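The structure appears right after this line, and notes come after that.
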Amino acid sequence: MKLITTLLLCSGLLLTLTQGEEAQEIDCNDEAVFQAVDFSLKQFNPGVKSGNQYMLHRVIEGTKTDGSPTFYSFKYLIKEGNCSAQSGLAWQDCDFKDAEEAATGECTATVGKRENEFFIVTQTCKIAPSKAPILKAYFPCIGCVHAISTDSPDLEPVLKHSIEHFNNNTDHSHLFTLRKVKSAHRQVVAGLNFDITYTIVQTNCSKERFPSLHGDCVALPNGDDGECRGNLFMDINNKIANFSQSCTLYSGDDLVEALPKPCPGCPRDIPVDSPELKEVLGHSIAQLNAENDHPFYYKIDTVKKATSQVVAGTKYVIEFIARETKCSKESNTELAEDCEIKHLGQSLDCNANVYMRPWENKVVPTVKCQALDMTEMARRPPGFSPFRSVTVQETKEGRTVSPPYIAREQEERDAETEQGPTHGHGWLHEKQIKANKNHRGHKHGHDHGHWSPRRHGLGHGHQKPHGLGHGHQLKLDYLRHQREDGDDHTHTVGHGHGHGHGHGHGHGHGHGHGHGHGHGHGHGKHTNKDKNSVKQTTQRTESLASSSEYSTTSTQMQGRTEGPTLTPPRAQPTVTSSGFQDSDFIEDVVATTPPYDTGAHDDLIPDIHVQPDSLSFKLISDFPEATSPKCPGRPWKPASWEDPNTETTEFSDFDLLDALS
């Protein structure tokens, strides 16, 4: 039993040790990186026995590992300064030495930071004297302090003594054990001096029960931890003659039990693909199909979660999604395994409770399901369309296209006019019927076109055939609709003014609303000109109608109107839904947009004056914006010298246009 406990605790400790923060790249110009480099350089310069101090040139790469403590790993370039190593000046107070005489180097360091205090973990610098091969900065020598491997066997007695000293001289309730050796240095004197930095962690062994560490003591994942630095002197007889230690403890989370308490009657999770669930799922889907009156069988598609609990038997709780199949209950007595799921069939979200007592062959399934919401996705081709904002609303007769916005005042005005008499309907809708012989001399025009607000004309009067400047009549034929009712109703846009005389009699009525007014009386004889004009106007193209629309707006008349002013009602066209239902392909969708009441809003829209050949927006550059890289960083101090090994060539006659041509 102790062996199993030890293995479980050791595996938990191993998992804890392997879970660390990932290193992330940082900006080489970051202030925190500079502080770490400054600390490293100040630790390096005192080791220079002769010559001058070294100064920071730039940081070329760096990473950061968050945690407690935070670790910075970086590479930086150094150059020899003009201050002596024994001058006592900070390297920031020096200047670079001449390029031909200055030595350069590259340092790789790892620096930790805890509570705004830095400490060196590792640092190695390689110095290259001017015009000389790269040499190591540190040379092995007898009597010098040098780093040793953290896995060296020589450290075992030192670390053992250090841990025992900490446990015996602290008032903590639990024993601590070694977690990791971070650095170790050794110096040969009349014996050996050791300088080590290591971390410790709390174990599950209390001092009341265990006087010292033993094999059953394991580290707690959420226990207290600390960092220590020890200095030990071992004489020539390998006996510890002197020892000093300084530690900093950090409290962890609340202590947890090494092993969870057993709970035989508690629910436990089961893998959704466990073979144990095969029989349980079979009982669940059979119960669902028996209780459901759907004409087709359902089949389990996805198992989301499953638990089991030991009671007076076994209780299973399963969450799954069932989908409709192609197998009908009329042609199949039971659900077969080869029944295919219907692609557009109904889906159910189900919760099943299955109670099983195998020794009694007793199975009690209970299944509760609810239908999943099916969202109808409108089919449309990809790409941008200005009609995406037009929404489609369901009605009893079909689908109606609703504009994205309707002014409130316009809605109220339309509601009032819908109750009054009307003479027609439609947007730019034209009704034309061949003339009755008994009404050859009369022509009635009704204008109910919903034009843009500044294009509406309001008029009532007699119109004369086009000629002699007495008026003109425009007939739009690209939205023509015929209805046979015995009368000749032609929707036109007409503006007439002045007085004229002729040999016949004709009259026309034009109704519209807007800012234009038309008035006047005219008499004319209906001759073959009328027939020819009708034929000609029916053959006009859409572009001609469009150009006439704009010309009409420039000929708006002002004056007194004769007859009542009628506001045509706003009609809602109905578009029958077909196999391909998409608002992008609804014909005349532009015409479905109701007129805006700009009269009430003109004062709210400011006048924007745009200079010629100017843009009201910024163009997107053809080239990507230049982003400064994180590394290498900027030179700490602009050097007035140039590297003699680097050749610099200036191109005074280079032009970017030469490369683009």
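A Cβ is built for glycine as well, from the same backbone N, Cα and C atoms used for every other residue.
In Swiss-Prot, the cysteine linked to Cys339 by a disulfide bond, out of Cys327, Cys369, is Cys327. Which of Cys205, Cys217, Cys228 pairs with Cys247 is settled by Swiss-Prot: its disulfide partner is Cys228. Disulfide pairing as given by Swiss-Prot: among Cys107, Cys144, Cys125 connects to Cys107.
Taking a C-beta cut-off of under 8 angstroms and a sequence separation of 6 or more, Cys339 (disulfide bond) has the following same-chain neighbours: Tyr297, Lys299, Thr325, Lys326, Cys327, Asn332. There are 22 other CB atoms within 10 A of the CB of Cys107 (disulfide bond), with all protein chains counted.
Closest in space to Cys350 (disulfide bond), of the disulfide-bonded residues given as Cys107, Cys205, Cys263, is Cys263, taking the CA atom of each residue. Counting only same-chain residues six or more apart in sequence, the Cβ atoms lying under 8 angstroms from the Cβ of Cys369 (disulfide bond) belong to Leu288, Asn292, Ala322, Leu348, Asp349, Cys350, Asn351. Distance between Cα atoms for Cys94 (disulfide bond) and Cys266 (disulfide bond): 72 Å, as a whole number.
Rounded to the nearest whole angstrom, the C-alpha distance between Cys144 (disulfide bond) and Cys125 (disulfide bond) is 17. Neighbours of Cys266 (disulfide bond), defined as other CB atoms within 10 A of its CB across all chains, total 10.
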